[in-house]
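Novice: Pasting a structure here, questions to come.
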Amino acid sequence: MLSLTKIDINQKRKEFSGKEDTYVYLAIQSAKYKHRNINAVYNKNIHKWRNEEEVNDNPIEQVRLTVPIADDPAQPALTFRTWVLGIIACVLLAFTNQFFGYRQNQLSISSVAAQIVSLPLGKLMAALLPTKKIHVPFTKWSFSLNPGPFTLKEHVLITIFASCGSGGVYAVNIITAVKAFYQRHLNPGAAMLMVQTTQLLGYGWAGIFRKVLVDSPYMWWPSNLVQVSLFRTLHEEEKRRKGGLTRLQFFSIVFISSFAYYTIPGYLFPSLSVISVACLIWKESITAQQIGSGLNGLGIGSFGFDWATVASFLGSPLANPFHTIANIMIGFFLLVYIITPILYWTNAYDAKKFPILSSHTFDSTGHPYNVTRILDPVSFDINLKEYNNYSKLYLSVLFAVVYGFNFANLAATISHVALFEGKSILRMWSKAKGGMKENFKDVHTRIMEKNYERVPEWWFASILIVSIALSLLAVEGFNKQLQLPWWGLLLACGIALFFTLPIGIIQATTNVQVGLNVITELIIGYLYPGRPLANVTFKTYGYISMVQALSFVSDFKLGHYMKIPPKSMFIVQLVGTIVGSSTYFATAWFLLTNIKNICNPDLLPKGSPWTCPGDDVFYNASIIWGIIGPGRMFSKLGVYGQMNWFFLAGFLLPFPMWILARKYPQKKWIKLINVPVILAATGALPPAKPVHYICWAFVGFIFNYYVYTRYKAWWARHTYILSAALDAGLAFMGIVLFFSLQSRDIYGPDWWGLTSDDHCDLAHCPTAPGVLVHDCPTPTH
């Protein structure tokens, strides 16, 4: 490599006297890194550099290597094609994800599926639609159905639309808990307001902090670089190689195969989803089934032949690097195969009175907790006299330790980020503040300011004011069905506002988001105990509005990188959020009112998939944190006070990894051991079950370790497309089966394989003497 000093550079500047310094500098840099003659480099690239006009001075190397600095402001963005394909993608993903959210095997389709499918559709519209302009009556506005070739900017906006439909609406869990589990009336107006406002409040927080979190080049949002790379890949010209397939052909083949195959586990043979070998051999042994059941036990020897089993709760394993999969499985192994067996078979917390794995709540006799016994039917809050005469609340031992892991993860995230990323974050924050004071702008900010108008501040302020006003109406109106007082709403908003900036800085620089769900549950659980809806409503406003804010900011940064007009980004995100939230609400309300006994497996017909595993966990969490409250669960008044030690353990655990990483800096694998990821691994347990983790990890190992290391070119070209095609094929067949057969109570041929469980009928049984449970043998030891 040539070594060029300042003297050398100055000399070269003199040689190129009369030419722009920028191009001289670029020529010198090219010669420095490519070992080429500076004059030749300059002459060959001068026209290209003059067209780009900008020096890529972004301070983050990964951004410089990934994000292009070229922009064509004349390229169409918010077109007729964008609106049509974007809204369709938003509605379809929102409907599909909510539809599958109530099923035994949940499935979440990401916006990547729409990102891939919309490309050929956009090109098809560009080829077929007329180009004649259409004038809007009584206005000066006009638009064209076909403004020319399908553009990258249209594609980005369609994907943003789709992400608004794929992100989920947390507030729908509250509606499901009230209507399906508590069996109470809920005013649809209050429900709709809650759904919309919890999603829209984040726009206000984002508007307040976007100057730091978007405009600052030091806030680089690493996850967006994957999207930038995928967009660039999809828009490169591609010709089918001899004997090979284009990406679209590969997607089509996998999609059709996935679509056709899902008729087997989705209708003809649901038992293929989970096969637990131990239960097929030891049909009369509770212990063997506890060990071998993939759904209600430890899952040893359990597997499934269904993509929904692989991706339903943990997402597609193909999208996770192998070190993340390894960290998650370390946490899973620690909880499921070490801590849980020790606690269960030593009968800690009376564990043998209850199933080894369950998301339900129990009383001291080992039977399901009778919530109606302690709830006042009028005020819908706790009746302390009845509670004291009845029983403390108990959990399955695995579910209890999952809460302990959540406590530990909260503390570990703080210490881990402080130890491993603290200096980096402070340095980035200092540079960001300094850059703001000095008005430092990198190449991307300069291009955006030169070519496009900024979003006015009053747009964000208006949404914030209207959202808070409608939120107050939702909680204080409608006979106060949501139980949360006005001060609780304002406190939740204050928490979200306070944490958006620091958590945003952490996520923008480290790709780690610290969750507020445990903190919000604890705060309102202590301040306002005994009211289940108040607890979950407070959590949703305090936690999800911050998540929405950071999601909005992240998407805005993606638009910043891809040179999308900011006003177009804002409009697409706002409309997409409203349309997606409305679709989630309408889908949930339709299913809750039209499927008899939805979310009640004991009353559902054989083979019915509508068991609502995620909502079941949410409902039981509302009992734990809302009705009983943390003061009667995790203190000396409750059974699980010792779980508070997990806070201390979690805080201390990152220290050994940090010490080892400093002592052995050459051992790069040490830094890949991420304690917060290990502790957060079991956050999906339940509703996820061991079989889901096992299948997810197996597929992840095959593709993201074996294929990645041995066939990297194939992996880079096909892996993400494979994941999107498998998701999309399964989703479409699931919807076809529902509307053609299952909506008419036709669930497949009546035979042994029709049941959607793993035939481990005894895995849920207690083993403590004297505890009698329906359908379980009497314990004899």
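Cβ coordinates are placed from backbone N, Cα and C, and glycine is handled just like the others.
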Novice: If you look at how TrEMBL annotates this chain, which of 156-178, 271-293 comes out as transmembrane segment?
Specialist: 156-178
Novice: Give the one range among 324-345, 393-419, 487-508, 570-592, 643-661 whose Cβ atoms make the most pairs under 8 Å with those of the transmembrane segment (80-100).
Specialist: 570-592
Novice: So which of 112-131, 190-206, 570-592, 643-661, 720-741 has the most C-beta pairs under 8 Å when paired with the transmembrane segment (487-508)?
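Specialist: Result: 190-206.
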Novice: For the transmembrane segment (458-475), name the stretch out of 190-206, 324-345, 691-708 with the most CB-CB pairs under 8 Å.
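Specialist: The listed stretch sharing the most Cβ pairs with the transmembrane segment (458-475) is 190-206.
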Novice: Other than its close neighbours in sequence, what residues sit by the transmembrane segment (112-131), given a CB gap under 8 Å and a spacing of at least six beyond its ends?
Specialist: 80-81, 84-85, 89, 92-93, 144-150, 154-155, 158-159, 161-162, 166, 230-231, 234-235, 247-248, 251, 319, 720-721, 723-725, 727-728
Novice: With a Cβ cut-off under 8 Å, give me the same-chain residues at least six positions beyond the ends of the transmembrane segment (190-206) that come close to it.
Specialist: 169-172, 174-175, 213, 460-461, 463-468, 470-471, 473-474, 477-478, 481-482, 493, 496-497, 500, 537, 540-541, 544-553, 556, 573-574, 577-578, 580-582, 584-585, 589
